[in-house]
Amino acid sequence: MIRVGVNGYGTIGKRVADAVEAQPDMEIIGVAKTQPNFEAHTAVKRGYPMYAAIPERAPLFAEAGIEVAGEVDELVAEADIIVDCTPSGIGEQNRELYETHHTPAIFQGGESADVADVSFNARSNFDAARDADYVRVVSCNTTGLSRVIAPLEEEYGVEKVRATLVRRGGDPGQNSRGPINDILPNPIKVPSHHGPDVKTIFPDLEIDTLGLKVPATLMHVHALNVTLGDDVTGAHVRQLLEDEDRIYVIPEGLGIDGAGKLKDLALDAGRPRGDLWENCVWGESIGVNGRDLYLFQAIHQESDVIPENVDAIRAMFDLEDKETSMQRTDRQLGVGISGDPSGFSEQARAEFADDD
Ligand SMILES: NC(=O)C1=CN([C@@H]2O[C@H](COP(=O)(O)OP(=O)(O)OC[C@H]3O[C@@H](n4cnc5c(N)ncnc54)[C@H](O)[C@@H]3O)[C@@H](O)[C@H]2O)C=CC1
Ligand SMILES: O=C(OP(=O)(O)O)[C@H](O)COP(=O)(O)O
């Protein structure tokens, strides 16, 4: 049983904690937080021991009625691995703490690539993280791009990727973010940082990306053009993507015409926090002209990286091969929307219970 600590219990951290706890081969031994806000109370309700990320603030937790199990360095000392889910730039500062205690760590995509030995996407380079001490799970957008590029590259070869990323302005709780009423080229300079980030996973890939930010909190939407190595048909590409567990090809006829209805689908299905761990590719958008493939996909920024963090732990401890780890993660979480979108989580869990 791998003993996991989560440092930084916000949007990503709380989801990672629940996903780890749902696995049979790992457990949460504590989470570190800076303040006793509503998420701290949720952590307590879920039974996660609470550690003070900033020692001087420990008394605030006691005042809020939250028992503190210790300070963050105690959590780091006790854990087999820390998943660092602190805001961009803080993870880099924390690396010294992890090194001091010889505790391996996973960082998130807001950190620069050189924070870790390996940038990770389970589908694309699982084995690169084997036995690594420091791994960075790439950002939500890079994860979304990598999951599509990997099967295309394997099946047809990829000559060039061009992607326009329409990014949500902030997460639902980030009321200080924007824009509120604007459409921002962001970054204005082309290419955006996403292309180079994808190249941390596919070093030889030709890719240009453009980014925008819009007044939405739901999801990112990508418009993708991939020049493939072979002439293909749309139907062939569609089948290839449908065969990927972490890609949901949205069927025609469901009336899902945007990110809002995708989120409704997840909520109707009873998914925790309305999460959509899969890339959501509109089936109707998959179009081919010679070797040029086009498609639209929506990426749920708050949750697509969550299964990747679980797989990164298994890779770093050399617990499973890629396929076994990804399948186990997916089944425990309920990843994989299939025929009946209204009941997929329960169905996936039941299948797993049958298997084990
Ligand atoms: N929210 C998103 O859409 C995605 C975020 N990421 C990356 O994940 C990382 C975390 O992002 P979020 O969860 O969105 O941030 P967040 O702001 O929701 O959560 C970060 C948490 O860390 C806490 N924190 C701040 N300083 C700390 C410290 N010194 N020690 C311990 N905890 C501290 C904050 O109070 C907060 O609870 C970033 O690198 C981000 O770029 C990656 C994919 C998607
Ligand atoms: O890494 C992300 O996006 P990005 O790859 O577009 O920079 C995550 O969605 C977090 O982005 P944020 O820095 O806008 O919170």
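Each residue, glycine too, has its Cβ placed from N, Cα and C.
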Binding-site annotation, TrEMBL, NAD(+): partner of T11, I12, G110, R168 in Q301, Q327, Q332: Q301
Extent of the NAD(+) binding site in Å [max Cα distance among T11, I12, G110, R168, Q301]: 16
T11 (NAD(+) binding site) versus N141 (D-glyceraldehyde 3-phosphate binding site) - Cα distance in angstrom: 16
Inter-residue Cα distance where the pair is C140 (D-glyceraldehyde 3-phosphate binding site) and I12 (NAD(+) binding site), in Å: 10
Spatial separation of G195 (D-glyceraldehyde 3-phosphate binding site) from G110 (NAD(+) binding site) - C-alpha basis, Å: 15
Filtered binding-site residues, from C140, R168, Q301, whose Cβ is under 6 Å from an atom of ligand 2: C140, Q301
